[in-house]
Amino acid sequence: MSEPSPQSTIAIANLLRTHSDLKQRQGLFQSRLVDFFRYKRFVRALKSDKYKAKSKKQPELYPAVTSDEDARNIFVSLIKAQFVVPAVKLHSAECKEHGLKPNKSYPNLLLSNKATLQPDEYYVWSYNPKSIYDYLTVIGIIVGVLAFVCYPLWPPYMKRGTYYLSIAALALIGVFFGIAIVRLIVYLLSLAAVSEKGGFWLFPNLFEDCGVIESFKPLYGFGEKECYSFLKKEKRKHRSVAKKQK
């Protein structure tokens, strides 16, 4: 199979950009969040039923993939178009060697000098087509700006509504700061009685890096053992131990 045309390369990238067979993960590449995958997953996506169906309907845009060499040619066209770039996933120790800060949630990726197209080699998507959500976001921003500029023309009931909403928002912020101060006072007072447990916390996950609802669960806890970050760290330890045992 000859190298796909530029139009075919774009069509294939659009089709496979969010394909489930890629089993994409998110990582940090050049200080930004990106999607990355293994080369063998891309080959699997090209051999999927979804791609085969497209290939039958539009063979000029989606060339048939009958061998690994065909998949290789398609992938090379994506590299030449700079839709994907080879990368190396760094471990924590390697991050420090390259002056990068290890991240608990997202692995750090480093640009590779060559693409060998090995099954377990990592590749990063640099192609990010615009989605409907992106267009809706732009439209929403424009509508919001125009609505704000036209505030003097708003009817009285809308102005009253925005006033009450702003008061409610300020009240919520005040309640949040109030809870933060109360929990700190309770913690300091509890150290004398339960210092061996690390102190008593109301809403131990209040300032943790988690969702809004999770920030208020559980209602109370002792020390850091009820914290979201501590529990997440313990889960990672158990997973790593399980992998080593396998």
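Cβ atoms here come from the backbone N, Cα and C positions, even for glycine.
The topological domain 'Cytoplasmic' annotation in Swiss-Prot covers 1-134 (among others). The average pLDDT for the topological domain 'Cytoplasmic' (1-134) in the predicted structure is 92.
The transmembrane segment feature in Swiss-Prot is assigned to 135-155 (among others).
Positions annotated as topological domain 'Lumenal' by Swiss-Prot, on the basis of sequence analysis: 156-168.
According to Swiss-Prot, the transmembrane segment annotation covers 169-189 (among others), on the basis of sequence analysis.
Residues annotated as topological domain 'Cytoplasmic' in Swiss-Prot: 190-246 (among others).
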Other parts of the chain folded back onto the transmembrane segment (169-189), taken as Cβ under 8 Å at six or more residues beyond its ends: 199-203, 206-207
Counts by DSSP class (helix H/G/I, strand E/B, coil) across the topological domain 'Cytoplasmic' (1-134): 53 helix, 26 strand, 55 coil
